[in-house]
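Here is the structure we will look at, set down as structure tokens.
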Amino acid sequence: MKLSLTIVSSSFLVAIAHAASVQFNLIAPSATDVKVSVNGQQVALTASDPNVPYFTGSAEVGGTEESFERSLAGITNSTFNDFYNRPVTYANLPQLPWPIENDPQWTRKGKKAEIFDDNYIPSVFFHGDDSQVQDLVKNVPKDKVTGTLTFIGSNYVHSFANVSFGIHGAGKKHNNAKQSWKWTLSGTDTMGNRNHFKLRHMEEDPTQIRERLYADILHAMGTYANETTMVRLFINGQGFGTFNMLDDITEFSYINAMFYGGNPPATLGPLFDGASGADFIYHPGNLDGYSSWKPNKDNANGEGYEAFDPLCKAWNETDYTDNTAIANFEKMFDTEHFLRFMVIEYLTAHWDGYWMGQTNDGAYRDPSDNNKWYFLDQDFDATFGVNLDVPENKDFISVSYKDFPSRYPAGVMANGLLQNADKKAKFEQYLTETVRVLFNNVTLTNRVLAIHNFLSPDLEWDRSIVQQSPGTNFGWTFEQTSQNLWQGVSAPNNNGGGAEWGLVEYIAAKSQAMAKEFNITIVSEPVGPPAANGTATSTNDGGNTHTAAGESKPASSSESSGSKIASQSVSGASRSAVSTVLLGVTALVATAIF
């Protein structure tokens, strides 16, 4: 069962010239008394659900014109869902360019779901039986807890009942104390065309940016990579920190959303999770040789890893140098997007992925595309120099992709394609153009720094939380979330954690190495996606495809089923965390009173 609150907001706003009743919306964990002060008159905000600290209320404001714009006008007269003590509610992140000219974007997913709007940090509140939740947190069993879940986005609220909530990867030997989580919605409930979500703790990465950034790049490359965004998680009223909310590619929820836009065929194809050894190597007479491909339990007719035998046999028998033979194989396997994935695996030194490690991949056979196989990629935290254990150490950035087939011979799909002159030329074209416009210390660093500045207040909150579960705690500090942008850092608890490279340091070094090898002239200003006139936009000012905090943004309708109840809009005022919250408003100016 799901309830949704959605309010349509105006697409653009200038200063209001008349008095209006404005609805204020505030997320204030631990607050017991929330008020807004309008020209000195206090108006109380209230929370309708005692388990969700989401406070709303209306107040009359005057029509004095201001020298700046506010998103309080138009149809809604409502603020965005502000989070207490966060200076920016809705950001203005620079968007990445599209390096590939032909089929530049993956369109089968439809419009990007509003829940993955990267300019806003949603808040997730799960509430379940206290004794079961305590057991889940303290003892980390594989059990699931059923309860209610509220997802608060920029200008909407989704609430769900009968949600199955638990630890992702429970029972693994080296889990972090900050666990990863997952939840599944019940029945026909969906959010953004999905019913299953994964929250990754990002503890391997002090910046908490790498995995999200990797997915950002893959989307700019026109792939069907999982969608991601940062969220705040609260369980039974307690804050558990910041997490990367993303699709789990091993679940049909991801397939339904990214391949079919929420309208899947009556019967889906088989889906597989690639564990260590998922390499596409042919095993004649030994079907168990494909056992590293773990079938989804809901595969139609229980189809298992034996499904890979015809595919791997065909690849083994293909003359890689023959374009006709490659074209015939492409009727079975999508090489186009696979090459795009491999470009980014190479550029980021994704040692825990397919090419270098033959792991953390997956595959889906699409019945709506003549049963063609699609490669899936996942788990992007071990990238951009994190835990990179190679003989060359930092000199690894200069290792050419041309050396990868001999270094990593089990990556037979990538290695075979590079034996074909046309595929090798295409790979190199994608690689060099990506470095020229995107993967460099100009465009990509511009986005990294914008993301970091936006996330920083939440990272400070996250680093202040004492996790309650058993497991590894590297002890990364708030200061290291910034320091690891520029240089390597060591885990304060001296128990692992291999952030030897700074994130920006790695991007700059790798792009310079590529520019030297291929004689690439990198752009001098950040580049954005194509504008309506077909030319690339500059994002030197922080991006021009989204509006800044304090401005209005076009509203998007709810994509999930269930009744719509209401909605919210946005504001960028500063807040302060205390048990009693008092917001000061003079006319349309929302400021914090300390």
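Counting begins at 1 with the first residue displayed.
Including glycine, each Cβ sits where the backbone N, Cα and C put it.
What Swiss-Prot says about this one:
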SIGNAL    1-19  signal peptide
CARBOHYD  Asn77  N-linked glycosylation site
CARBOHYD  Asn162  N-linked glycosylation site
CARBOHYD  Asn226  N-linked glycosylation site
CARBOHYD  Asn316  N-linked glycosylation site
CARBOHYD  Asn441  N-linked glycosylation site
CARBOHYD  Asn519  N-linked glycosylation site
REGION    529-565  region 'Disordered'
CARBOHYD  Asn533  N-linked glycosylation site
COMPBIAS  534-547  compositional bias 'Polar residues'
COMPBIAS  548-565  compositional bias 'Low complexity'
LIPID     Ser571  GPI-anchor amidated serine
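Location within the structure of each feature annotated in Swiss-Prot.
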{"residue": "Asn162", "record": "N-linked glycosylation site", "DSSP class": "strand"}
{"residue": "Asn226", "record": "N-linked glycosylation site", "DSSP class": "coil"}
{"residue": "Asn316", "record": "N-linked glycosylation site", "DSSP class": "helix"}
{"residue": "Asn441", "record": "N-linked glycosylation site", "DSSP class": "coil"}
{"residue": "Asn519", "record": "N-linked glycosylation site", "DSSP class": "coil"}
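Note: the CA-CA distance between Asn226 (N-linked glycosylation site) and Asn519 (N-linked glycosylation site) rounds to 32 Å. Residue density at Asn226 (N-linked glycosylation site): 24 other Cβ atoms are found within 10 A of its Cβ, drawing on all protein chains shown. Here the Cβ of Asn162 (N-linked glycosylation site) has 15 other Cβ atoms within 10 Å, regardless of which shown protein chain they belong to.
For Asn316 (N-linked glycosylation site), the same-chain residues lying six or more positions away in sequence with a CB closer than 8 A to its CB are Ile281, Tyr282. Around Asn441 (N-linked glycosylation site), a 10 Å sphere centred on its CB holds 17 further CB atoms from the protein chains shown.
Using a 10 Å radius centred on the Cβ of Asn519 (N-linked glycosylation site) and all shown protein chains, the other Cβ atoms total 8. Distance from the CA of Asn519 (N-linked glycosylation site) to the CA of Asn162 (N-linked glycosylation site) is 57 Å. The two recorded residues, Asn519 (N-linked glycosylation site) and Asn441 (N-linked glycosylation site), show a Cα separation of 16 Å.
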